[in-house]
Amino acid sequence: MSSICKGDNSDLTEERKNATFDTDKMAAVIYGREEIASRRRQLTESISRIHELAESKPLVFMTREEKIAESCRKLEVLSRHWNQTPFNRDNEEDALHIYREVLGMEGHPLALHDTMFIPTLVAQASQEQQEKWLGRARRKEIIGCYAQTEMGHGTNLRKLETTATYSPDTQEFILNTPTITALKWWPGALGKSSNNAIVVANLLIKDQNYGPHPFMVQLRDEKTHIPLKGIVVGDIGPKMAFNGADNGYLGFNNHRIPRTNLLMRHTKVEANGTYIKPSHAKIGYSSMVKVRSRMAMDQGLFLASALVIAVRYSAVRRQGFLEDKTQKVKVLDYQTQQHRLFPSLARAYAFIFTGFETIHLYSQLLKDVDMGNTSGMADLHALTSGLKSVVTHQTGEGIEQARMACGEHGYSMASYISEIYGVAIGGCTYEGENMVMLLQLARYLVKSVELIKSGEEKKLGPMVSYLAAKGGHPDLSSLNGYVTAFEHMARRQAWKATEKFLKLMETGESREVAWNKSAVELTRASRLHTRLFIIEAFMRRVSRIEDIPVKEVLTDLLHLHVNYELLDVATYALEFMSSTQLDYIRDQLYLYLEKIRPSAVSLVDSFQISDMQLRSVLGRRDGNVYENLFKWAKSSPLNKSDVLPSVDKYLKPMMEKAKL
């Protein structure tokens, strides 16, 4: 049962009493195991006792400068109180959870330090380099970011323009951004906060370009924080969201760094300029793969946050009547509201479970690479490319539905859903634009189909082995039947897109033109393949659950998920599934909406997202929305005076003049 406290809204209390499972046990399933869920609660509790972390006013009422100053103030407070928390500075998950609790989703100076800068040092710096920089980074003696994207180049790494030219005479790399479009653009915390960056630049030796490589670059003096000679750096301005972060630009004019600042775990440049290539051509992409490998979980938590708000508020908000004309109905009792929210709730769980799988696959990949085995690189790169695209897009859709489900109050910043949306939707373009990501996965699918056509299906990776299977009609009486249906649709679309691409080349089109003319069909194949993987990940997680009440409700949520997902792509089932089967799937969806309804509030409570982190008046744990909405509105800076200076200066004279 969810926690119930004296003074809670009676409707939310009623919902929580209806729970058939223990939310702490559900949290253990969500976050992997009981120790992790318990640790998150301990961290949240310890942080709540540090009163200096309280905000003087809601973040949404702060200017951008105030937000950045507030995040810096809180980081300094945290640095003085670490010993009051069970925080482990070497644990990335600890850091991410604490920052979400304390700093919310507005961004902060350490956002990329812990998620990109340190992990890249771990994955790509040599032992000697780690001894030099990693400890300092973890102790926060230096603050770093990851600078790859340029003003004119994002997803296409091979077209990056920043150069690092090696000088054998001085054993230095000379960094330059030769054009305006070569400026590094967008990296978080680059503008004003970071004094170091891992910069991705083309490595040039004796006029030969060896492609993009990561370099450790000091940007600012460690005492004065003034940019070093040959470096121009600054903030790129306000954004759709995430305005507590100083996303920046960075340019170089013959800036010199030592040869040993090239990250050398997998590749080296000798003093005489000899280049030693990595064991795999795309080993340098591991930092991107790392970020993408956890994006499913991060986006799932963004979606979860929006659903905590929308589901709780829908249980508190009453509107209209059904059979009982004496009492208004909870909005959550309307089937349309359930249909709007519950499929997204299922997706949030599915994305988090999928994220844990891909994080595990990435960890295994790092171990394999250290042993000289890079065979899993292509598989994981393809998978995370597809997941990144599908999950970010569906998360954006789900958050927007959650906002609209809150009615007019969802449009207010008091709901905080618009901020969650703005942060989450950025994932559709950072770390690779979504359409490009789908096409990267499509290349992998096309190669797989070509292997089958040439009789080499034994070379297929496990994630695409279904492409060689024979189709069959699904038995929808079991979950495996839904997997069979999805496999059939994904397989047929992958073959259809590949055949179109190959046929265009046979008619004389170049590979590039044929690819472009097949691109829409190829992206459809990638989406279906990815959605199949998500369903299977959800099923695998549910199959391992031991607690019976938790397993029962998640099995219901899984049934809701597969029925909704199959209906969502029903056009691909033409000539494969009958209208009777589709009607059955639709009826099953409505059945599972009803089954999930009594557990909805406890399912969102199980994410255990605190009020401090949620920052939402509508999604408060206690459900006391309306009195706090009025309190929130009164705290608006416009209400400091009854008459605004602009009224005295402009509107009153205008009205007086109109009376003459």
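Note that Cβ sites are derived from N, Cα and C of the backbone, with glycine treated the same way.
Record check: Swiss-Prot places His339, Ser389, His393, Gln401, Arg524, Ala525, Ser526, Arg527 at the ATP site, and the matching candidate among Tyr466, Tyr482, Tyr572, Tyr584 is Tyr572. Once Cβ contacts within 10 Å are tallied over all protein chains shown, the binding-site residues Glu431, Glu433 are led by Glu431.
Of the binding-site residues Gln148, Gln337, Ser526, Ser526 has the largest number of other Cβ atoms within 10 Å of its own Cβ. Under 8 Å, Cβ to Cβ, and six or more positions away along its own chain, Gly188 (FAD binding site) finds Gly107, Ala111, Leu112, Cys145, Phe242, Ala245, Asp246, Asn247. Within the set of binding-site residues Gly154, Gln337, Ser526, Tyr572, the entry lying nearest in space to Glu431 (substrate binding site) is Gly154 (CA atoms). Taking only the Cα positions, the spacing between Arg292 (substrate binding site) and His339 (FAD binding site) is 29 angstrom. The DSSP secondary structure for Arg292 (substrate binding site) is helix. In the shown protein chains, 14 other C-beta atoms lie within 10 A of the C-beta of His339 (FAD binding site). Among the listed binding-site residues, namely Arg292, His393, Arg524, the Cβ with the most fellow Cβ atoms inside 10 Å is that of Arg292.
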